[in-house]
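Data block below; observations after.
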Amino acid sequence: MVQSVIPPITFISHKGLAGRIAVIGGSKEYTGAPNLAAISALKVGADLSHVFCTEGASTVIKSYSPELIVHPILESKFAVHETSEWLERMHAVVLGPGLGRDPVVCLDTAKNILEEVKKKNLPLVVDADGLFLVTEYPDLIKSYGKAILTPNIVEFGRLYEKMMGEKPKPEEPVLAVKVLSRALGNVTIVKKGPNDIISDGENGRLKVKSLCGGQKAIKKSYCNRKMTVKKV
C-alpha cells in the first residue's frame, strides 16, 4: 500500500519533487508532536518537512533533527502573511500538533492560516489542538473536501456535541462518525481508538487496529503523503 503512493526515483528527480509538507504547530510546552509529524513525513517518502512554530519551540525542534526546516514565526504579527508565502511551495499541510491553546496563536493566527490553506486548495490534516480550533469554529472546515480530521475519542466527543447538540452514542461508534462527517459537509474523519473508524459520511468505513503513542504521527503523515503524491 505504501509503495503504491511513493513515486520512483529517477535520474531527473530533484529535491522537493516527492513532496513538501508544512506542519503548523509547536509551542513552548509542546515540541515533540510537531517533530514526530514532520519527521514521519520524511520517513514515508516526502522530500522536505517544514515546521511553523513559536519562538520558544524552535530551538528544541531544531535539535531533534537537522532534516527539519523550522520557522519560528507563529507569534509574529506577520505570521499569517509569512506562512502564506511559504504555503505557495507546499503540497500538503498538517495543522495542530503541539500548537497549544494560546488565544492568539490557536484561535487567531492558526485560524487565519487555515483560511489560507483553503484558498490555496491544499490537502490538510487537522489533529490535536487544531481540532480544538475546529470545535470552536466548525465552519472553518465545513465542506472542505481535502481535509482529514484525526480526533481521539475525547476530541471526537467534543466536536460531535458541538455539531449535534448531544453526546455520541457509544453503542453506535461507526454511525456517529458518519453522522458527524455529514454534518461537517462530508470531510473525512479518522476517529482514533482501539479500532480506528474512517468515514467521509458516504463511502463506507474502514476499521484498522490502532497504533500506539507517537506512531500515530506516522499514520497522519501517510495520509498527508498519499494526498501529496496525487497533487505532485
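Every residue gets a Cβ built from N, Cα and C, even glycine.
Feature annotation from TrEMBL assigns domain 'YjeF C-terminal' to 1-232. In the predicted model, residues of the domain 'YjeF C-terminal' (1-232) average a pLDDT of 89.
E155 ((6S)-NADPHX binding site) counts 23 other C-beta atoms within 10 Å of its own C-beta, drawing on all protein chains shown. Among the features that TrEMBL reports, (6S)-NADPHX binding site is placed at G98, N152, I153, V154, E155, F156, G157, R158, D196.
Under 8 Å, Cβ to Cβ, and six or more positions away along its own chain, P168 (ATP binding site) finds F156, G157, Y160, E161, A176, L180. What TrEMBL records for K167, P168, K169, P170, E171 is ATP binding site.
Every protein chain considered, the tally of other Cβ atoms within 10 Å of the Cβ of I153 ((6S)-NADPHX binding site) stands at 13. Least crowded of the binding-site residues (G98, G157, P170), judged by neighbouring Cβ atoms within 10 Å of its own Cβ: P170. Closest in space to E155 ((6S)-NADPHX binding site), of the binding-site residues given as K167, K169, P170, E171, is K167, taking the CA atom of each residue. In sequence order, E172, P173, A176 are the residues of the same chain, not among K167, P168, K169, P170, E171, whose CB sits within 8 A of the CB centroid for the ATP site.
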